[in-house]
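Everything below concerns the one structure shown next.
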Amino acid sequence: MTRQTSLPPSRAARPDDATPQRDDTTGPRNRLRRTAFAALPWALVAATLVAALLVTGTPVGAIARYAAYWLLAVLLPGTLVYRALRGSTGNLPEDLGYGAVTGLLCELVAWAIGTATGFQHLLWVWPVAVAAAFLAVPPMRRHWRIAEPRPLPLRWSWGVAAACVGAIVWAAGEWAHTPLPPTTADYYPDLLYHLGLVHELTRTMPFQVPQVAGEVLRYHYLSDAHLASASLVTGVDPAVVLFRLWLGPVLVVSAVVIAALARQVTGRWWAGPVTAGVALLARPLLPGGPAAVPGGLPVSLLSPSQTYLVPFLVVLTALGVDLVRGRPLGRAWWLVGPLALACAGAKSSGLPLLVAGLALATVARAATARSRRTVAGEGIDARPAWWPPLLALGVLLAAMGLGSTVFVGGGAGGLTVQVGSQLQWIEPYVAMFRPLGPTAPGPLPPGLAHPHPAGVLFALGIVAWWILLQAPRIVGLAVPLGRSRRDPAVWLLAGATVAGTGAMWLLFHPSDSQAYFFLPTLPYAAVLTVLLLTPRPGATRSAPRVLLAASAVGLLAAGLLRIASGHAPEPAHTYRAWAAGMARPVLAAAVVAVVLAAAWLLVRRRPGLRGHGTAVAVSAVLGASLAAGAIGTLPRAAAVVTGVPAPTAAAGPVWAAEIRAAQWLDGHARPDDVVATNVHCLHLRTRPWCDSRAFWVSGFGGHRTLVESWAYTDAAIAAHGRHGHAYPAQPFGDRSLYEENERAFAAPDAATLATLRRRYAVRWLFADTRAAPVSPRLPRFAHRRHTDGPVTIYELP
């Protein structure tokens, strides 16, 4: 079999992309010393992650079991399968990164088979079987080692490790504001929604919506399937997995595969660490003022689906880069379909971006196919090769179609066309045009449907402001216009980035879900931006130091400017006041930029500086973007040390007693038991038009509820805006079922409870007096089993 590598041979042999080959004449002591030094960066990452988990209250036993699960049930078997299908990259970190994603993919296959057959409790078998096969079959044993090592410089490992540590510090800040239960806390509703899904996906197919039992589950839930698998294999409580354990390893894997993609595209080892840091740590510029630009990081504790998408999409993109450059995939074709379906089931907004990028790259490749010479000397075959990219496009489109049938729903649907839709989620526009009421669909946002000239100028100014502050992310779109324009991989990344940005601004969703078209493009945009840092031919060896200095200057200048600007109060709701409030810090930043540019003009002709103008400017902007990331991360991360959370908006806390009661139910009810509850509203008290995003009874209780909260059902999304209320405040669609559920608590009788038991298989009643009054007659018809605080749990006979 021809062994596949992640880089063309010409790229792998570049002087700045490889280190000297292993010297077999050295003794075992020296080899052991080199191995120890190579492991140090990753030991630092592991130590940082464990420390962050411990400081935020994660049990030691849970950390140990989860670490063993990741190493033995994801990383090890996944790396073996990856090497068998695609070959080794020649270095261990990238092999492990790609292998981890392959392991997650294999886990999904095993989970699907297990939950379809009722054998999900045997999920631990698949990694054992894989490891045994690679030990027992002689031709497969060679995949346990790297046959032809091409180790990366130790600086690569330290750089990627630094990006990982930064991401873990950010994650620790998120963990500090998401306490482990049971404790009185304000939990983000989507986290509790996902917690209910994690419990549901430990059951046997077909799956139901746990918050509305009996409704078929149609949602991009594969991230929750991963968490469910982890909980089944390790025995760790799903809440601990969701609130703590899953995020760290996925962040580290994302950093490694993003760095590998950058090295693959650019052929430069140093591009990997820089790209990983920019993709995971940098944010829109933050000069100060009364508002900030939306569109932060591609990862989030609060959106497991978006975060879980990132590594799958990056690895699928790496295969696409090989295809458009004319490199055969060989056995790696077996990865394309499953990876595409995993992307569709992780987050439905990810795969269309890659389809757009791959289509554009195919066209660009055809346009340059007249020349049969190697493109730019980079090992890119310029001869026509139509069928591989077209076949890949067909596979991706098929995965999108299947994903839209199986996964799309539960809040993932509801997209319509609206030019400028993102304006409805940017604070100045909201203040002027949407002070009251829900977001509105339609061809144009409110305020532009019947435009006033001043309003149109104001909206265009906001769009320009967004583009300016997002410059670190989108400046790389200039790459296809430069010397890399003959590389189809550049067109792939640029096409995906433009598609995601365009979809965010041209599609409307009542909960701003169109933003999830933009966030997955951030790793692509980071690769393109880092390409602008690539030295021109003939550049001096001082280029790296010059660019590092420029980045440091940009970081320092942006930080000082943000500190000097302070917090600006919200201005009066007039065009003039908002425009002045937004323009003032931008102009201050422009003055600083002009001063720095003038300083550069004075020194640019000195030896070692000539020809670096564009790269210096981009480095300074990236430094400013990293400063914005630090400003957004450090105050929240400080809570890990001080124990004092930063101020957050309170949605109405769930009491510790209520969580304990739900956990008691989880421990005593049978897996398929259905629960009826009078808890429906985010602010707990049930009232007309309340926000129906409670989700905590099914989340902490771990069981299907007859009617808990329905905000993310297809019917609620479709009713958005009806009677002037947003989709979470819409009433439950089946009024008779809702009234029967409420009557069981407010005015119970034997007939009502018998109907719940017989028709809907309800076995438990979860009654919370903080949500609504509970009749004192209820114990006559049901057995009181548990009481904690305002909650009493009854079992129906």
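Glycine too: its Cβ is placed from the backbone N, Cα and C atoms.
What you are looking at is a predicted structure, and each value in this text was computed from that prediction instead of being measured.
The region 'Disordered' annotation in TrEMBL covers 1-30.
According to TrEMBL, the compositional bias 'Basic and acidic residues' annotation covers 13-26.
Panel annotation: around the transmembrane segment (36-55), residues 63, 92-93, 151, 154, 157-158, 160-161, 164-165, 168-169, 171-172, 175, 244-245, 248, 252, 640-641 of the same chain, lying at least six beyond its termini, place a Cβ under 8 Å from a Cβ of the stretch. Per TrEMBL, the feature transmembrane segment maps to 36-55 (among others).
Sequence-distant contacts of the transmembrane segment (97-116), counting only residues of its own chain at least 6 positions beyond either end whose CB sits under 8 Å from a CB of the stretch, comprise 6, 70, 73-83, 85-86, 89, 122-123, 126-127, 130, 201-205, 207, 222, 225-226, 228-229, 249, 253, 256-257, 259-260, 311-312, 314-315, 318, 335, 338-339, 342, 345. Feature annotation from TrEMBL assigns transmembrane segment to 97-116 (among others).
The transmembrane segment annotation in TrEMBL covers 122-140 (among others). Through the fold, the transmembrane segment (122-140) approaches residues 72-74, 76-77, 80-81, 84, 103, 106-107, 110-111, 114, 229, 232-233 of its own chain, all at least 6 residues removed from its boundaries and within a Cβ separation under 8 Å.
The annotation transmembrane segment is assigned in TrEMBL to 152-172 (among others). Long-range contacts of the transmembrane segment (152-172) within the same chain: residues 18-19, 37-38, 41-42, 44-45, 48-49, 52, 55-56, 91, 93-94, 247-248, 251-252, 255-256, 259, 263, 269-270, 272-274, 276-277, 280-281, 297, 299, 301, 629, 633, 636-637, 640, each at least 6 residues beyond the stretch ends and with a Cβ under 8 Å from a Cβ of the stretch.
As annotated by TrEMBL, transmembrane segment applies to 241-262 (among others). Here the transmembrane segment (241-262) has Cβ contacts under 8 Å with residues 6, 45, 49, 52-53, 56, 58, 62-63, 66, 70, 74, 89, 93-94, 96-98, 100-101, 156, 159-160, 163-164, 167-168, 171, 174-175, 178-181, 191, 194-195, 198, 226-227, 230-231, 234, 271-276, 279-280, 299, 301, 304, 307-308, 310-311, 314-315, 317-318, 321, 523, 526-527, 530 of the same chain, all six or more residues outside its ends.
The transmembrane segment annotation in TrEMBL covers 269-286 (among others). With a cut-off of 8 Å between Cβ atoms, the residues of this chain six or more beyond the transmembrane segment (269-286) that come close are 16-18, 152-153, 155-156, 158-160, 162-164, 166-167, 170, 251, 254-256, 258-263, 292-293, 295-299, 468-473, 522-523, 526-527, 529-531, 533-534, 544, 558, 562, 589, 621-622, 624-633.
Using a Cβ-Cβ cut-off under 8 Å and counting only residues 6 or more beyond its ends in the same chain, the transmembrane segment (390-415) has close neighbours at 209, 217-222, 319-320, 323, 336-337, 340-341, 343-345, 348, 351-352, 354-355, 358-359, 362, 507-511, 513-514, 711-714, 717-718, 720. The feature transmembrane segment is assigned by TrEMBL to 390-415 (among others).
Residues or ranges marked as transmembrane segment in TrEMBL: 452-469 (among others). Long-range contacts of the transmembrane segment (452-469) within the same chain: residues 284-287, 293, 295, 420, 422-423, 426, 428-429, 432-433, 445, 505, 575, 578-579, 582, 586, each at least 6 residues beyond the stretch ends and with a Cβ under 8 Å from a Cβ of the stretch.
If you look up TrEMBL, you'll see 489-508 (among others) marked as transmembrane segment.
Residues or ranges marked as transmembrane segment by TrEMBL: 546-565 (among others).
Tertiary neighbourhood of the transmembrane segment (585-603): same-chain residues 285, 287-289, 465, 468, 553, 557-558, 561, 564-565, 568, 609, 613, 616-617, 620, selected by CB-CB distance under 8 Å and a gap of 6+ residues from either end. The transmembrane segment feature in TrEMBL is assigned to 585-603 (among others).
Here TrEMBL flags 615-634 (among others) as transmembrane segment.
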